[in-house]
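Taken from TrEMBL as is:
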{"type": "TRANSMEM", "residues": "27-49", "note": "transmembrane segment"}
{"type": "DOMAIN", "residues": "42-293", "note": "domain 'G-protein coupled receptors family 1 profile'"}
{"type": "TRANSMEM", "residues": "61-87", "note": "transmembrane segment"}
{"type": "TRANSMEM", "residues": "93-121", "note": "transmembrane segment"}
{"type": "TRANSMEM", "residues": "142-165", "note": "transmembrane segment"}
{"type": "TRANSMEM", "residues": "197-222", "note": "transmembrane segment"}
{"type": "TRANSMEM", "residues": "243-266", "note": "transmembrane segment"}
{"type": "TRANSMEM", "residues": "272-295", "note": "transmembrane segment"}
Amino acid sequence: MPFSNSSDLSPSFILASIPGLEAAQSWMAIPLCSAYILALAGNCAVLLVVRAEPSLHAPMYFFLCMLAAIDLALATATVPRVLSFYWFDSREISFAACLLQMFLIHTLSAVESTVLLAMAVDRYVAICHPLRHAAVLTNRATAKIGLLALARGVLFFLPLPLLLLPLPFCGPRLLSHSFCLHQDVMNLACANTTPSVVYGLTAILLVMGLDAVLICLSYVLILKAVLRLAAWRERLKVFSTCIAHVCAVLAFYVPLIGLSVVHRFGKGLAPLVHIIMGNIYILVPAVLNPIIYGVRTKQIQRRILSLI
């Protein structure tokens, strides 16, 4: 029987368990918990190092701090709830909590995408217009970009839970992941979801899709500028300043695209694939970004080693 979400805020959705491994879920949660602890330690270390190292008080590293804060918030909005499910068999999540978690995941992902675009623009200006870099990307401009990224994410993805709020839901209400995503929750509605489908796809294309196109365009312009240099050694030296950002972009967009493909075309896939892709989407950027920038930035390396 369908139920009304506006009047029934009791535990409403059932989180997906690992198929065939329900008895061993407490052990399977150990790698997830380890990755979460690594993400917390790495991103907190980045924030502390950038704050303590005056030589890192520059737009590129302020953007890196934004990435670290977003990854911390995104992982904390999902992983503790997943661990409580795996360790304490708390499978049910209320409709209100599910909508809040869904809003946080999609909004923070949009903010991260915008920050990655801003970092690409920073690299473009630094390489193609180095004399204007200090004047264009000031600390004040960087702070404004961060606020704009947050506002953009909220404005574009706030309607998603609002569109789901009046819909009735039927059946067992079993999710495909251990947390709530828009398309996953929307597929459980026993009503017309066309407005939600259209808006969700439009929001993703106008935010993540547009950002990906602009990031690619910025790197086309960067490559053109690099190839104008005469010496190969100079070309490699200039482009090496972009390697960390390219890796961060891949760490964000590859899991995002993989999860989208699984949702759109993977209805016949095993449930384990959905769960693994969801966990990769949440944790891979949070774990990899501090490692990528720690390896590529000598100041961060030295400061972390001194702290250790």
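Placement of Cβ uses the backbone N, Cα and C atoms for every residue, glycine included.
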Is it true that the transmembrane segment (61-87) and the transmembrane segment (197-222) have 3 or more Cβ pairs under 8 Å, skipping pairs fewer than 6 apart in sequence?
-> no
Sort out the residues at least 6 away from either end of the transmembrane segment (197-222), same chain, that have Cβ-Cβ distances under 8 Å to it, and list them.
-> 106, 109-110, 113-114, 116-117, 120-121, 123-124, 127-128, 152-153, 156-157, 159-160, 163, 182-183, 186, 239, 242, 246, 249, 253, 256, 260
Given the transmembrane segment (93-121), its same-chain partners at Cβ distance under 8 Å and 6+ residues beyond its ends are 5, 8-15, 60, 63-64, 66-67, 70-71, 73-74, 77-78, 81, 137, 142, 145-146, 148-150, 152-154, 156-158, 160-161, 164-165, 179-182, 185, 203, 207-208, 211-212, 214-215, 218-219, 245, 248-249, 252, 256, 282, 285
What parts of the chain pack near the transmembrane segment (272-295), using Cβ distances under 8 Å and only residues at least 6 beyond its ends?
-> 16, 18-20, 32, 35-36, 38-39, 42-43, 45-46, 64, 67-68, 71-72, 74-75, 78-79, 82, 105, 112, 176-179, 181, 244, 247-248, 251-252, 255-256, 258-259, 262, 266, 301, 304
In this predicted model, the domain 'G-protein coupled receptors family 1 profile' (42-293) has a mean pLDDT of 90
